[in-house]
Structures are given as C-alpha cells and as structure tokens.
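Structure first, then comments.
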Amino acid sequence: AWLAFFSAFLSWFAFAPLIPDAIKQDLKLTPAQIGNSNVVALCATLLVRVLAGPLIDQYGPRKVMAGLLFLGAIPSGLAGTVYTANGLYVIRFFIGILGGTFVPCQAWTTVFFDKNVVGTGNWLGNAGGGVTFAVMIALYNGLLSSGFASKVAWRVAFAIVPVPLLLLVATSVMVFGTDHPAGKWSDRHKAIGRASNSPSKSERLSEDERVLARPGESKDDPEKKGGLADVHVTLPPLEDSSASSFHMVSELDYAVNEPLTLELALKIISTPLTWLPALAYFATFGYELAIDANLANVLLSLYQSKTFGQTKAGYIASIFGLLNIFARPLGGHFGDLVYRKWGVPGKKHLLIFFGVSQGLLSLGLGIYIDSHHHPSLAVVVVLLIVLAMASEAANGVNFSLVPHCNPCSNGFMSGIVGGMGNFGGIVYAMVFRFQPVPVGKAFWISGIIAMAINILISVIRVPLRLV
C-alpha cells in the first residue's frame with residue numbers, strides 16, 4: 001500500500017519541479033497558465049477519490065490500487081507529447097487519476113492494523129511528494145549533462161522513471177498483494193475481531209468471555225440482520241477504576257467493509273462525524289497539495305538570480321514533501337498515544353491543535369513575506385519546515401481518526417475525506433493562482449482559512465466508549 005501510493009507521486013507530482021523553468025520555457029507558458037495547470041491537476045483526483053471509496057468496499061483495496069496505477073500510467077506515458085498549454089491541461093488532468101491511490105492505500109492499511117496503532121500504520125506513502133522533486137530534478141539535470149536539449153530532457157524524464165515504475169508496482173500489487181488479513185476480500189467476514197485494546201496475555205478474552213459477531217449478525221442467530229447493537233461484549237471485571245485500566249471498545253472491533261447502498265451513503269453523508277476529518281483534511285492536506293504544486297515557482301519568483309534557479313528552487317521545495325517521512329507518522333503515532341489515554345476525543349483535539357497551528361504559521365509566513373522587500377531565504381525555509389511539520393502531522397492524526405468514523409464503510413469514508421483533501425487543494429491552488437508575486441497574501445489568506453475551519457469543526461462530537 002505504501003509503495004504503491006509512493007510510486008503514484010512520482011508521476012502525479014512530476015510536473016511541479018520542472019514547470020517553473022524547463023516546461024515553462026518550452027511551452028511558452030504564462031504565470032496564469034501555470035496556475036491553471038496546477039488547479040487542473042487536482043480535479044481528476046477529486047473525482048477518482050470519491051469514486052474509489054465505494055469500489056474498495058465492494059472489491060477490496062488491492063484491485064482498486066492496481067487498477068488506478070495501470071490507468072495512471074497511460075497519461076504519464078503520453079506526457080512527452082505535450083506541446084501546448086491546452087495539451088498540458090489535458091495530460092495533467094488525467095495524470096490526476098494517480099492521486100486517487102491515496103484512498104486504497106489508507107483503506108488497505110486500516111484493515112491490517114488494529115485501532116490502537118492504525119495512525120502509525122497509515123503514514124509512509126505521502127513521502128513520495130518530496131522524493132519526486134529530488135528525483136525529477138536530478139534526472140533532468142543528468143539528461144542535460146548527457147547532451148539532451150532541455151525540451152527533450154524533461155520529456156524523456158517521464159519515460160525513464162514514472163511509467164516503468166507504475167507498471168512494475170501495479171503488477172507486483174496484483175501478484176504479491178493480500179486483500180485482507182483473512183485472505184481474499186470475499187473472505188473478510190471470517191476475520192475474528194478483538195474485544196480489547198491490545199490486552200496483555202493475562203487480559204486476553206476467551207470465547208466464553210465474549211460474543212464476537214460481525215455487523216449485521218449475532219452469534220446465536222447468524223441470519224439475524226441488524227447493526228452493531230446486535231454485538232454483545234462481556235469483559236472481565238476491572239481491578240481498579242483508573243483510566244489506564246479501561247479497555248477502549250469501539251465499532252472498529254467488529255467492523256467489516258460492506259458494499260455501499262444509497263440508504264447507507266445518505267446516512268453517512270448526513271452524519272456530522274463524517275465531516276470532522278473531511279473538513280480538517282480539506283484544511284491541512286489541501287494546503288499541502290497547493291504548496292507542493294506552487295512552492296518551487298514561488299521560490300523562483302522571490303529569489304531567481306544567477307545562483308538561484310530551477311534546480312535550487314526544486315530541491316528546497318522538495319523539503320516540504322520529504323518531511324512527510326517524519327511528520328506524518330509522528331502525527332499518526334501521537335494520535336495512537338492519545339487514543340490509549342483519552343480515546344477518540346483525544347485524537348480530535350490533537351487534530352485541531354495541529355490544524356490551528358498550521359493556520360497560524362501560514363499567516364505568519366505570509367505577513368513576513370509581504371512586510372519584507374527581500375525576505376530572508378533562511379527565515380522562509382525555517383518557517384516552511386515548521387509549517388510542514390504542523391500540516392503533515394495533522395494529516396497523520398486525521399487518518400488515525402478516520403477509521404473510527406463509519407468503520408463499516410471505511411472505503412467510502414476514506415474516499416470522502418481524501419476527496420475533500422483534494423477539493424481543499426483546488427481551493428488553495430486558486431488562492432495562489434489569483435495572488436500576485438510575492439504571494440505573501442496567498443499564505444496568510446490560506447492560514448485564515450485553515451484556522452477558521454479547524455475552529456468550526458471543534459464542536460462536532462466523536463464517539464467514546466469505555467468499558
């Protein structure tokens with residue numbers, strides 16, 4: 001799951017590091033056309049993420065993941081055929097299919113990891129956003145040094161790395177991947193849930209101490225149709241009443257992905273809990289997408305000189321995405337830690353803390369750029385690093401929270417949240433698109449949006465059951 005999403009980034013974001021100079025000069029793009037292409041690149045991803053969710057609940061994440069990689073490889077292979085701005089829009093739109101791999105990635109890891117470690121499990125793939133900048137810049141420069149013209153080098157770069165890797169990983173997913181801990185996706189109902197939150201050996205529950213059933217069944221009557229209310233759990237007596245002696249019990253202990261129906265979809269969409277992680281992801285991951293797409297161009301517009309060109313701008317911009325290697329798992333791990341002590345509300349409050357921090361930092365960065373005619377590159381980079389840490393940690397916490405929201409429709413739920421993240425990317429990209437250089441205003445407007453959304457969603461209640 002991690003490798004597949006990581007690989008998808010190598011094509012999905014491959015244009016971003018090369019567009020400020022090489023592609024801009026070759027296609028004679030205006031700043032407005034570059035901004036338009038960044039927005040278009042996120043549109044298909046929004047649609048694919050929403051559609052991928054129900055497909056995952058029906059067919060499993062492995063097949064959906066491989067299918068998206070195969071489909072995304074087609075426009076990636078055609079990237080070299082672009083010679084106009086309109087052609088660039090079309091190719092970047094269809095390459096956006098690859099952004100949809102986020103949904104099967106999260107859904108796949110969620111079915112394999114227990115609720116007390118799921119945040120740590122849902123972490124690695126996003127690092128591909130930063131690696132892509134470094135790989136594409138290095139590959140492009142290597143081709144230039146080998147004698148290729150600039151207009152040929154960037155086209156060849158797509159054919160050398162992204163396309164072969166997409167096809168290889170897609171094939172590997174189908175050959176070596178496993179649908180579910182129970183084996184095939186069709187056998188997922190056979191998996192036995194656990195009634196406790198990773199109890200020690202002395203605390204494990206025997207079959208006589210609990211009744212385990214999947215949603216819609218009870219142990220005594222397998223044909224009985226219902227909801228999670230039919231599941232009865234009996235836990236051993238607690239030795240004391242301290243918080244540490246409680247076992248967290250949630251729907252996750254018994255939830256199994258079920259095919260989506262219209263009635264279920266309407267119920268999920270109308271539930272406020274659905275929109276807690278979805279709106280938070282709009283504010284945080286949407287921001288990350290816009291920054292990844294625009295940062296190299298922003299840096300080049302601020303500092304371009306004989307010693308500061310596309311290469312340096314691309315490498316510095318890659319830092320933002322590369323920090324996912326550290327910040328996103330850190331956020332997920334913190335989410336798991338607070339869950340063990342404070343339950344789902346702990347994850348919610350941690351998510352909002354990081355989201356508001358991102359907003360404040362973006363506001364500060366924007367004000368700094370606007371108030372300095374020649375802003376210090378060192379100060380901007382430090383602010384960007386701290387900002388990336390807050391934003392990406394929030395994303396990690398978010399997907400430690402998502403499995404607790406509508407867990408029997410985890411694919412659909414992941415699709416909604418992922419889709420909203422991309423919608424946020426479009427909105428933030430539009431903010432950057434219509435703000436003039438030096439774009440300080442774009443940063444502080446984005447910061448205000450993030451803070452407002454995270455404060456508003458703080459009133460949404462989350463489930464907590466202590467037994």
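Note: Cβ is positioned from N, Cα and C throughout, glycine not excepted.
Here's what TrEMBL has on this protein:
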- 1-16: signal peptide (SIGNAL)
- 1-465: domain 'Major facilitator superfamily (MFS) profile' (DOMAIN)
- 64-83: transmembrane segment (TRANSMEM)
- 89-111: transmembrane segment (TRANSMEM)
- 123-140: transmembrane segment (TRANSMEM)
- 152-176: transmembrane segment (TRANSMEM)
- 184-227: region 'Disordered' (REGION)
- 201-227: compositional bias 'Basic and acidic residues' (COMPBIAS)
- 350-369: transmembrane segment (TRANSMEM)
- 376-399: transmembrane segment (TRANSMEM)
- 411-431: transmembrane segment (TRANSMEM)
- 443-464: transmembrane segment (TRANSMEM)
Counting only residues 6+ away from its ends, which parts of the chain sit with a Cβ under 8 Å from the signal peptide (1-16)?
23, 37-38, 41, 45, 61, 65-66, 68-69, 72-73, 76, 79, 88, 92, 95-96, 98-99, 101-102, 104-105, 108-109, 123-129, 131-133, 135-136, 157-158, 161-163, 165-166, 169-170, 172-173, 292-293, 296, 317, 321
Quickly jot the same-chain residues contacting the transmembrane segment (411-431) by Cβ under 8 Å, restricted to those at least six beyond its ends, or write none.
35, 38-39, 42-43, 45-47, 49-58, 61, 99-100, 102-104, 106-107, 110, 257, 260, 265, 268-269, 274, 277-279, 281-291, 293-294, 398-399, 402, 405, 442, 445-446, 449
Cβ-based contact of the transmembrane segment (64-83) with the transmembrane segment (152-176), 3 or more pairs under 8 Å:
yes
With Cβ-Cβ distances below 8 Å as the criterion, list the same-chain residues six or more beyond the ends of the transmembrane segment (443-464) that contact it, or say none.
250-251, 272-273, 275-276, 279-280, 282-284, 287, 290, 343-345, 347-348, 351-352, 355-356, 358-367, 369-370, 401, 404, 427-428, 431-432, 435
Close approaches to the transmembrane segment (376-399) from elsewhere in its chain (Cβ under 8 angstroms; 6 or more beyond its ends):
106, 118-119, 122-123, 126, 277, 280-281, 284-285, 287-288, 291, 295, 299, 302-303, 316, 319-320, 323-324, 326-335, 347, 350-351, 354-355, 357-358, 361-362, 364-365, 368-369, 417
Take the transmembrane segment (152-176) and find every residue of the same chain, 6 or more past its ends, with a Cβ under 8 Å from one of its Cβ atoms.
3-4, 7-8, 10-11, 14, 18, 22-23, 26, 62-63, 65-66, 69-70, 72-73, 76-77, 79-80, 98, 135-136, 139-140, 143-144
State the non-local partners of the transmembrane segment (350-369) in its own chain: residues 6+ outside its ends, Cβ under 8 Å from one of its Cβ atoms.
277, 280, 283-284, 287, 302, 331, 334-335, 338, 375, 379-380, 383-384, 386-387, 390-391, 393-394, 397-398, 401, 438-455, 457-458
Find the average pLDDT over the domain 'Major facilitator superfamily (MFS) profile' (1-465) in the predicted model and report it.
83
